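Right, one structure below, let's go through it.
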């Protein structure tokens, strides 16, 4: 069991100005990471960020800490998280660092690391960084201080990488696409990718001001996108989250297409093209409809713990290549090393064009079970609600009522003080009743 103090399932995250997301902490983190990473020989780190106003402050603090440890930093400016993973590999940097809180509001921020391979740092490296944090900060000699530079063509490099994952023989010239960038890091990337591939692009959520990231736009709130798709009579809509590692889509009828459905489409297309290796990995939150639909196609399916790092770990264990969370993290190891919203959406659009099918029709082979997720906030330090006997008893009653045609999942968020209550079954009314019954039990603790 890990004893990590700061690193959660997706790096270090919190409210800006509150520990640990303070300038002092981030400077010390940069120094500690620099000391650990310098042991591997390289002296170059790539740093990117999303569009939050606090990114500039935290970027400066990180750079100061790295420089004090003797490591140089190359800055990309606002860039999607998967772009930093790609650029870290492309530049053979020792690590990449992203300053982002992904889908969270602007007042949150976080720090996430990528290894030289473009994957998230192993637990033992994160633990080594935390151990270094306990030491007194020292500065290398002036002649050995790290330097700062800017990668001026970072956006162009990543745009070309994304386009390179789309089949050369296909064109998007017939498609009208609404692209919602959540006022986040994809705002200057995604619309250009789709335009350069020939699509008619209607861009929204592309006016970041440092405060509006994820605000009623993007992958976590597709209502505006759904309305825009219908108003523009577009073929589809694509929504990314603030740092571009998630994607949710909308069909021409305004229906939401989530990560489970995206995984189904990509897996089925891989099977049709003879390119599917093994099976597909989802999570404990993946819809039962996905599992049943893949089973009908003869595609093996496995569930990992919630979190894209655990999806990746299971893919590596099994030697499979595709996995996703229903929240829209889609990992395609033949093309990327981490969840990449733009690359995933390109594979879905390629399936549409190749098969002359709408997004709605591509989803038709998978019947979604009604599923409800209720988030219940709890007070940290007051104990674990999941260990409460009343909560356990209510959960057991619901599981007995659902039988084999439904599921209950309770888990603590890895990034926020929340208990996530998920209930899934054949009947929507029953699912809602059971989910709220368990949620009330959690609230009563």
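Glycine is treated like the rest: Cβ placed from N, Cα and C.
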*Could you look at 74, 102, 115, 382 and say which one Swiss-Prot places alongside 241, 243, 245 in the Mg(2+) site?*
102
*With an 8 Å cut-off on Cβ-Cβ distance and a minimum sequence separation of at least 6, pull the same-chain contacts of residue 243 (Mg(2+) binding site), or say none.*
50, 80, 81, 98, 100, 101, 102, 103, 184, 185
_An 8 Å radius from the center of the 102, 241, 243, 245 Cβ atoms defines the neighbourhood of the Mg(2+) site; name the other residues of that chain inside it, in order._
50, 80, 81, 100, 103, 184, 185, 219, 240, 242, 244, 246, 341
_Count of other CB atoms lying within 10 Å of the CB belonging to residue 245 (Mg(2+) binding site)_ = 33
